[in-house]
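Trainee: Take a look at what Swiss-Prot says about it:
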| type | residues | note |
| --- | --- | --- |
| ACT_SITE | Asp387 | active site, proton acceptor |
| ACT_SITE | Tyr475 | active site, schiff-base intermediate with substrate |
| BINDING | 385-395, 472-477 | substrate binding site |
| BINDING | His525, His527, His693 | Cu cation binding site |
| BINDING | Asp534, Asp536, Asp682 | Mn(2+) binding site |
| BINDING | Asp534, Asp536, Asp682, Leu683 | Ca(2+) 1 binding site |
| BINDING | Glu579, Phe671, Asp674, Glu676 | Ca(2+) 2 binding site |
| DISULFID | Cys199-Cys203 | disulfide bond |
| DISULFID | Cys405-Cys432 | disulfide bond |
| MOD_RES | Tyr475 | 2',4',5'-topaquinone |
| SIGNAL | 1-34 | signal peptide |
Amino acid sequence: MSLPKTANGMDKLKLCYLLLFYLGSSSLTEVSGAQTCEIDSVLCTSDLSEPDDPPIFHDLTTKEIKSVQTYLYHQRDLRLLRPGLAKINTSFIQGMELYLPNKKDVIHYLQSKVPTPKPPRAAVVTIFRGDCDPAVVEEYIVFPLPWPTQHRLHRKVPYYLRPFNDVEFATISDFLTKQVDGVLRQFLEESFGGRLINCGNRCLNFQFASPVGPSVSNEPGARKSWYWLHQLVEYSALHPVDFAVLMKIVGCVYTIEKVYFNNMYFNSLQEVALHYRNPSFPRLRIPYPVDSKQLFSKMERRGILFPEKPVSPPRQVEPEGKRYSVKYQEVKYMNWKFNFRLSPGLGPRLHNIRYHDRLIVYELALQDIVVFYSGAEPPHQYANFFDSSYMIGMNLQGMVPGVDCPTGATFIDSHILTESSLKPAKLINAFCVFEQNTGDFLRRHISKTSPDGPFYEGVPSIVLVLRAITTIANYDYTIDFIFHHNGVLQTKVVPTGYILPSLYTKQNENKYGFRLNNKLIGNLHHHLFNFKVDIDINGQHNRYETLDIVLDKTSHPVSKKPYDVWYQNKIKHNLRKTEMEALFKYDFDKPMHHIFYNNNLKSPEGNNMAYRLVNRGMSKSLLPECSGNEGTGAWMRHQIAVTKRKETELTSSSVYSAFGTKNPVVNFRNFYADNENIVDEDLVAWVTMGTYHIPHTEDLPVTHTPGLDLSFFLSPFNYFPEDPAMGSRDSVRIEAVDKNNLKRGIKIDKQTFPEKMTCKAPIGNYFEYILKRPNVIFDIQ
């Protein structure tokens with residue numbers, strides 16, 4: 001929906017805010033006795049409607065999704081069933097997303113100086129073919145959009161590798177509940193104080209599953225998972241009961257293969273029941289928790305309240321309107337311009353990132369989030385989670401203004417297709433965009449005396465942030481793409497949410513974590529994040545070089561000691577020529593800078609006009625290569641890996657990663673195993689960040705964020721003749737009228753610091769809005 005044209009600027013402003021009313025944006029309110037906060041409505045150019053003719057990087061529109069559905073449902077050979085009728089042994093659409101044209105075609109279209117036809121749009125559609133023998137996952141490319149007439153098979157994947165989905169979860173939950181309740185109802189009630197069926201307010205539930213891939217079970221084609229039992233109170237992850245079942249799925253046959261209870265393994269539910277009838281059988285009593293605001297696992301305000309009175313916290317304002325625009329998933333901000341979209345499986349991706357209209361990054365995209373737990377009992381021992389298999393992008397929804405993003409941010413919905421809905425599902429508030437003052441400065445210096453001074457010059461650190469938050473079961477991950485005024489691009493990840501503890505026993509005390517209360521151990525786990533950075537510095541023919549900082553042994557001319565030497569550091573240029581040479585594992589004894597450049601372009605000083613990659617979130621994986629599930633995440637072996645870009649190597653992971661550990665659908669090791677030349681080639685940097693988390697009592701009920709943020713940066717390195725932010729109107733310069741006579745006063749040069757403007761910060765009506773529409777934030781049907 002476009003903004004209506006009006007004669008009055010303030011009317012236009014109100015319409016702009018009305019378009020975003022539930023997002024927390026509102027016009028600024030005049031404070032009594034203060035100057036009115038006049039806003040230049042021209043700046044407020046956000047258009048969050050869907051285009052009739054989508055730009056090349058735009059997500060599939062609802063019209064395109066519906067037309068692809070209609071086309072596929074008419075293909076009788078696919079035997080597709082509609083949502084609601086689909087079962088795991090039928091054929092149904094699992095999801096779809098944009099399928100980008102080849103990069104060469106896209107670059108040609110973007111850079112053409114004459115009118116050029118846009119490459120045709122297409123969708124990649126994932127279909128679960130449970131109706132086939134053998135069952136299989138099929139991916140099809142459907143084109144051209146918006147009115148498809150053709151489709152072709154993209155790839156086939158073994159059915160046991162399929163990602164988790166609602167249809168399967170419902171089937172498994174029903175199977176486990178009936179099987180376990182039918183055999184062990186009395187056992188569960190006496191041991192854990194609750195039931196699986198007809199449980200009232202004392203419910204037990206199989207909330208979490210630890211996948212066991214073929215490389216772990218050494219049973220090709222088998223899809224296994226340990227399902228953990230929890231007491232179903234807020235939050236269930238903090239109420240484990242030391243009971244789990246190993247479920248095996250082959251085709252459409254479900255069996256319970258093992259049962260774990262109280263540090264003992266059993267071959268069946270019946271075996272547990274038989275032993276339980278024996279009076280000598282070790283009992284375990286875990287009382288069902290009393291639900292109250294004081295329950296340790298509950299996120300309810302409690303303890304000593306602060307501040308002393310309910311005084312509102314600080315809020316930022318935009319006194320003259322927004323300084324960025326969003327239209328058709330393209331953001332323009334100062335000298336930056338970029339497109340963004342959402343992959344339902346792998347999460348947020350940015351494209352065509354430009355600074356001063358010069359392409360810096362063709363694609364910046366999350367690839368996977370991995371969490372590897374450790375523990376004494378099987379649910380934690382095998383808890384190696386590849387979150388792509390849980391559909392990272394589908395779990396973006398419900399960011400709250402004033403907490404998750406500033407109140408005045410622009411909130412943006414995404415539309416996806418899920419297997420459980422015939423219509424495109426709207427992920428409300430999937431993204432937010434906002435400009436903020438970080439409270440730091442971009443640069444500053446003060447010189448108080450002659451001969452240089454007296455003067456002061458400084459620029460506040462103002463940035464634009466594109467944010468997405470994905471919630472995968474118990475954990476929440478904030479993913480920020482941060483655009484600095486000086487051409488620096490920052491990518492930041494912050495984990496928070498609930499930990500997955502285990503029941504305290506003597507066997508796991510202190511070995512895998514600390515005791516958090518009278519019944520829990522906070523299990524050690526390792527978070528890892530992988531990003532793709534398709535760097536294009538002055539074109540697609542780039543080099544990757546490390547500037548190695550090495551010891552320089554030189555003469556010591558001022559020393560009176562004969563043959564004395566002086567040690568300092570020097571730079572050694574190290575051009576990485578092949579992919580194997582471009583695998584980086586951090587070594588504290590070998591400091592270096594990582595730079596990317598086009599060798600055919602030099603600065604006036606003769607330097608390579610480069611961008612530097614800085615990884616400030618490095619974490620080493622200790623797992624032996626190819627052990628357990630490690631092979632699926634081969635990217636975690638290196639903090640940076642640089643490879644030659646290929647259309648067949650578009651992602652380092654896939655939604656099939658959880659069970660594909662024996663023969664991964666995407667094997668990242670193959671990206672560099674052929675050891676191709678990377679000199680003057682189109683290069684991709686694969687950046688891995690991570691952190692080890694040893695939970696402590698302050699992680700109850702929820703892990704806090706300070707100290708957990710991880711970032712990597714792309715920073716200009718001899719790319720500009722000087723700081724490109726020297727032109728910032730946000731700068732302040734203070735100097736003496738006469739530097740030899742301060743008594744003559746000072747002069748102040750500032751352009752964006754209004755002196756008499758006193759405004760209330762935007763409050764918005766978001767909370768009133770969700771009272772009437774709770775599905776905005778929660779999955780309520």
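Backbone N, Cα and C atoms are what each Cβ position is placed from, and that goes for glycine too.
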Trainee: Fewest other C-beta atoms within 10 angstroms of its own C-beta: which of the recorded positions Asp387, Asp682 fits that?
Mentor: Asp682
Trainee: Name the one residue among Asp387, Cys432, Glu579, Glu676, Asp682 whose Cα is closest in three-dimensional space to that of Ala473 (substrate binding site); these are the recorded positions.
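Mentor: In terms of Cα distance, Ala473 (substrate binding site) lies closest to Asp387.
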Trainee: Among all protein chains shown, how many Cβ atoms are found within 10 Å of the Cβ of Ala473 (substrate binding site), not counting that one?
Mentor: 17
Trainee: What subset of the binding-site residues Phe385, Asp476, His525, Asp674, Leu683, His693 lies within 10 angstroms of Asp534 (Mn(2+) binding site), using C-alpha positions?
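Mentor: Neighbours among binding-site residues, in sequence order: Leu683.
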Trainee: Using a Cβ cut-off under 8 Å and a sequence separation of 6 or more, which residues in the same chain sit near His525 (Cu cation binding site)?
Mentor: Val371, Phe372, Tyr373, Ser374, Ala383, Ile499, Leu500, Tyr692, His693
Trainee: Around the Ca(2+) 1 site formed by Asp534, Asp536, Asp682, Leu683, list the extra residues of the same chain whose Cβ is within 8 Å of the site's Cβ centroid.
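Mentor: Going along the sequence, the neighbours appear as Tyr362, Ile535, Gln540, Asn542, Arg645, Glu681, Val684.
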Trainee: Closest of the recorded positions to Phe671 (Ca(2+) 2 binding site), Cα to Cα, picking from Cys203, Ser388, His527?
Mentor: Ser388
Trainee: Helix, strand or coil: which one is Met394 (substrate binding site) in, per DSSP?
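Mentor: DSSP call for Met394 (substrate binding site): helix.
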Trainee: Taking DSSP three-state, what's Ala473 (substrate binding site) in: helix, strand or coil?
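Mentor: Where Ala473 (substrate binding site) sits, the three-state DSSP reduction gives coil.
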Trainee: So which one is it: of the disulfide-bonded residues Cys199, Cys405, which has the fewest other Cβ atoms within 10 Å?
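Mentor: If we count Cβ atoms within 10 Å for the disulfide-bonded residues Cys199, Cys405, the smallest count is at Cys199.
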Trainee: Around the Cu cation site recorded as His525, His527, His693, what other same-chain residues have a C-beta within 8 angstroms of the site's C-beta center?
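Mentor: Same chain, not in His525, His527, His693, Cβ within 8 Å: Val371, Phe372, Tyr373, Pro495, Leu524, His526, Thr691, Tyr692.
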Trainee: Restricting to the recorded positions Cys405, Tyr475, Glu579, Glu676, which ones have a CA within 10 Å of the CA of Asp536 (Mn(2+) binding site)?
Mentor: none
Trainee: Rounded to an integer, what is the Cα-Cα distance in Å between Phe385 (substrate binding site) and Asp682 (Mn(2+) binding site)?
Mentor: 32
Trainee: Using DSSP, would you call Cys203 (disulfide bond) helix, strand or coil?
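Mentor: Cys203 (disulfide bond) sits in a strand per DSSP.
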Trainee: Can you tell me how many other Cβ atoms are located within 10 Å of the Cβ belonging to Cys203 (disulfide bond)?
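Mentor: Taking every protein chain into account, the count is 17.
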Trainee: Going by DSSP, give the three-state secondary structure for Ser388 (substrate binding site).
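Mentor: Assignment for Ser388 (substrate binding site) reads helix.
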Trainee: Other than Glu579, Phe671, Asp674, Glu676 themselves, what residues in this chain have Cβ atoms within 8 Å of the centroid of the Ca(2+) 2 site's Cβ atoms?
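Mentor: Apart from the listed residues, the neighbours are Thr578, Met580, Thr643, Lys644, Asn670, Tyr672, Ala673, Asn675.
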Trainee: Taking Cα atoms as reference points, which of the recorded positions Met391, Tyr475, His527, Glu579 is nearest to Leu683 (Ca(2+) 1 binding site)?
Mentor: Glu579
